[in-house]
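**Student:** Encoded as structure tokens, here's the structure I'll be asking about.
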Amino acid sequence: MVHRLPVFKRYMGNTPQKKAVFGQCRGLPCVAPLLTTVEEAPRGISARVRGHFPKWLNGSLLRTGPGKFEFGKDKYNHWFDGMALLHQFRMAKGTVTYRSKFLQSDTYKANSAKNRIVISEFGTLALPDPCKNVFERFMSRFELPGKAAAMTDNTNVNYVRYKGDYYLCTETNFMNKVDIETLEKTEKVDWSKFIAVNGATAHPHYDPDGTAYNMGNSFGPYGFSYKVIRVPPEKVDLGETIHGAQVICSIASTEKGKPSYYHSFGMTRNYIIFIEQPLKMNLWKIATSKIRGKAFSDGISWEPQCNTWFHVVDKRTGQLLPGRYYSKPFVTFHQINAFEDQGCVIIDLCCQDNGRTLEVYQLQNLRKAGEGLDQVYNSAAKSFPRRFVLPLNVSLNAPEGDNLSPLSYTSASAVKQADGTIWCSHENLHQEDLEKEGGIEFPQIYYDQFSGKKYHFFYGCGFRHLVGGDSLIKVDVVNKTLKVWREDGFYPSEPVFVPAPGTNEEDGGVILSVVITPNQNESNFLLVLDAKNFGELGRAEVPVQMPYGFHGTFIPI
């Protein structure tokens, strides 16, 4: 059943919903050099340090993202399609060394051997082998897109940790285990060999003991369902990977033939929060994509006539809670944090009111210049932090129209409807100054100490450009204030918080970010900021071309 957006004028008095107004940007600089193929730098390069890196900051910042966008005459169409390039910034007693390597995935090796695109990616359909005859090329179109031999293992999105080992992942069945010292692939792991899922997100969550949780999906005789996955924290045998993984809950898709696309989920101490949003995957289009000569991305569409639903799962029992929470249509790619208070789950998200972002990230759009680039940017949805409240214990006797949230510190509301559902209106966690920064994405917190707990700060990238924006931002979610770092002509990556030894303060440490530029006469660098005042402590300059990447992690020595 498709639930259409209702109007609740009588409830809006207590929960003002301000509409963001954005200025039109003009004269955006071309960033095409940040989205072109680069050479790997497998031998360590000593960086030139300006300022200083704290002596206690010892370890490696690992990042990944696309770094090769063509093979022979074949070119990728979408930013997400590029071959995974692994980056390592190694810090030791104030010195910094950089290296990079292309992930030797089966996809990378197959494409390299044929010097063409052999395996399809998110936005690029691999063409039939020109060496085959006409009949063979025709029949090759009838291979199912999920067939293991034809599915990409180009895991270019994030580093994740299971049982103490690190894996590169995307959103398919496959992960690639890597040696974090050498950046070499050591093993390919298929989720479907352990549990009945067709993939998992690149953003798992972790309990303090190392137990990992993730979201996957599967399609069976009863339709499409979303799966909550749990992976134990420790190995029984040394050679294990994700052995012991379990599906602890299945959530039926609201619309069987068109489930939601999702990139992440929320977690508190006791609950998993899954957001079913109206960014839909048309299963028929995806299943027939190769026959129709279309890429996987052709099967994803924004359907704003549908609302966004919140599903809450008890981590201990695996039970889906009976509460039915929904809101106006929005899209979220990254959750900020979630916690419990006074019988409610509070979840903070980076939200967009338009779900066409995936279309914007076609490489032909990102590489534009002049008015064409301005038009693409001005038409793109901007992402802003919002808070939602989900009351867990809803009385059947609660009157229709009551706001069930008991929380005095947030204007987010949860209003009971006549049919027992709960309409959730958000609180904006920002003022107008964040609109001037183009919104925010790639949110990060002091995860080890504050994930699943009430918190004060998060860090992210401002988006006054299509790729990476031009700033790093510290957001105070209590006072709704910002601290901003910016340098003209440079584009910082996702900020990574590293705590100082012995600290329990949310901002008691430093922020690391890889900052790159399209200007050939300038060096890219690793930036270190004081997380409290957001002032620069130092930078480590590397005379190597780097593309803009996605996610990463810091691993202390």
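Cβ atoms here come from the backbone N, Cα and C positions, even for glycine.
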**Student:** Out of H243, H263, H311, which does Swiss-Prot tie to the same Fe cation site as H203, H334, H551?
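**Tutor:** When Swiss-Prot describes the Fe cation site, the candidate it includes is H263.
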**Student:** Within 10 angstroms of the C-beta of H203 (Fe cation binding site), what count of other C-beta atoms is obtained when all protein chains are considered?
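**Tutor:** I count 20 other Cβ atoms within 10 Å of it.
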**Student:** What is the set of residues, excluding H203, H263, H334, H551, whose C-beta falls within 8 angstroms of the centroid of the C-beta atoms at the Fe cation site?
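**Tutor:** Leaving out the recorded residues gives V157, N158, T201, A202, S264, F333.
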**Student:** Using a Cβ cut-off under 8 Å and a sequence separation of 6 or more, which residues in the same chain sit near H263 (Fe cation binding site)?
**Tutor:** E171, T201, A202, H203, T332, F333, H334
**Student:** Within a 10 Å radius around the Cβ, which one of these binding-site residues has the most neighbouring Cβ atoms: H334, H551?
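**Tutor:** The residue with the most neighbouring Cβ atoms within 10 Å is H551.
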